[in-house]
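A.B. asks: I'd like to ask some things about the structure below.
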């Protein structure tokens with residue numbers, strides 16, 4: 001029942017007060033079970049059917065799917081329940097206490113992106129869900145900030161095929177229809193240690209890595225020349241060498257060297273294609289030094305994503321907002337949801353606030369976000 005639902009600001013406050021940090025470091029990682037329970041109870045109060053899905057390979061993490069209405073198609077509104085960790089020394093406010101000041105709502109997850117669920121719940125007060133002609137789905141996922149395991153698993157296991165989806169990441173209510181992917185690898189070279197006074201008795205891993213880096217930089221140049229997507233501010237795939245470490249003393253032949261790198265592919269480039277290009281680039285080193293070079297994923301890869309620019313979802317949202325869709329360089333869960341249906345990324349708050357101390361969402365987004373959610377539900381679920 002709608003009268004059981006707390007006021008908008010109290011929903012927001014409860015979401016922010018419920019920690020749901022995702023981190024690769026086990027000591028910082030938290031379950032999102034309490035937050036999922038909160039959301040599940042509220043959607044049940046509104047008459048939704050609710051399914052809670054354990055996500056394999058995680059530390060007690062869950063997805064939630066709330067659904068109402070019958071038939072095929074419909075609309076999926078999606079978002080993630082987790083946040084990044086916070087740096088206690090850089091926050092001037094309690095990250096788990098929602099505070100309002102000077103037209104801003106402060107708290108961890110206000111913009112990225114637990115607050116989106118408060119907007120959905122509040123908007124549903126003004127939607128007669130008994131009159132829906134197509135189903136409405138609300139998806140809350142786990143671990144977006146680390147492995148994206150929740151969205152991956154949901155996309156792999158669900159039979160749902162909505163007409164379209166909107167992911168409420170903070171885009172300042174500017175619709176996003178495409179973004180790059182992300183691949184992060186560790187290049188490891190195993191040499192053979194020895195005393196530096198006789199280099200011939202060892203294999204210097206740093207020297208081998210120097211050779212490997214030369215080939216990787218050639219790949220970077222080839223990617224820039226071969227692939228283009230002019231709508232992006234950086235209109236080609238980027239390759240970055242982000243971290244390197246090797247050796248332990250100046251008088252020892254380096255036995256091991258490790259390089260961390262990432263590639264941000266354009267939409268349409270497959271992960272298999274990129275892995276092949278990287279392996280081909282490193283093949284001369286591997287052939288010269290068999291068994292000494294390995295390539296391992298640092299994180300599960302994320303492909304690029306694109307919603308067809310002429311899809312009805314794009315046309316409807318552009319008309320409602322009076323704004324053209326954009327493309328961005330950061331990543332979201334859209335590549336996985338896009339395997340189910342055409343998907344846009346669109347939500348309140350600024351991406352510039354994501355992962356920042358004293359994260360906030362400007363209150364000027366409250367009214368237009370609420371109105372937009374009502375409008376897209378009416379368009380895709382009532383017609």
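In case you wondered, yes, glycine gets a Cβ from its N, Cα and C as well.
Worth saying up front: this structure is predicted, and the values here are computed from it rather than measured.
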A.B. asks: Going by Swiss-Prot, 80, 112 bind Zn(2+) 1; tell me which of 10, 25, 26, 169 is listed for that site too.
C.D. replies: 169
A.B. asks: Quick one: which of 311, 355, 378, 379 does Swiss-Prot put in the Zn(2+) 2 site with 112, 145?
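C.D. replies: As annotated by Swiss-Prot, 112, 145 share the Zn(2+) 2 site with 355, chosen from 311, 355, 378, 379.
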A.B. asks: Please report the DSSP secondary structure of residue 355 (Zn(2+) 2 binding site), reduced to three states.
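C.D. replies: For residue 355 (Zn(2+) 2 binding site) - judged by DSSP and reduced to three states - the answer is coil.
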A.B. asks: Relative to the mean position of the Cβ atoms of 112, 145, 355, the recorded Zn(2+) 2 site, which additional same-chain residues have Cβ within 8 Å?
C.D. replies: 83, 84, 113, 354
A.B. asks: Neighbourhood of the Zn(2+) 1 site (80, 112, 169): other residues with Cβ within 8 Å of the Cβ centroid, in order?
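C.D. replies: For the Zn(2+) 1 site, the extra neighbours are 79, 113, 116, 144, 145, 167, 168, 170, 332, 347, 354.
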A.B. asks: Sorry to bug you, but what's the C-alpha spacing from residue 145 (Zn(2+) 2 binding site) to residue 80 (Zn(2+) 1 binding site), rounded to the closest Å?
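C.D. replies: If we compare the Cα positions of residue 80 (Zn(2+) 1 binding site) and residue 145 (Zn(2+) 2 binding site), the gap is 9 Å.
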A.B. asks: Between C-alpha atoms, which of these recorded positions comes nearest to residue 355 (Zn(2+) 2 binding site): 82, 112, 169?
C.D. replies: 112
A.B. asks: Distance check, please: Cα of residue 112 (Zn(2+) 1 binding site) against Cα of residue 82 (active site), rounded to an integer number of angstrom.
C.D. replies: 9
A.B. asks: I'm trying to understand the geometry here, so how far is the Cα atom of residue 82 (active site) from the Cα atom of residue 144 (active site), in Å to the nearest whole number?
C.D. replies: 7
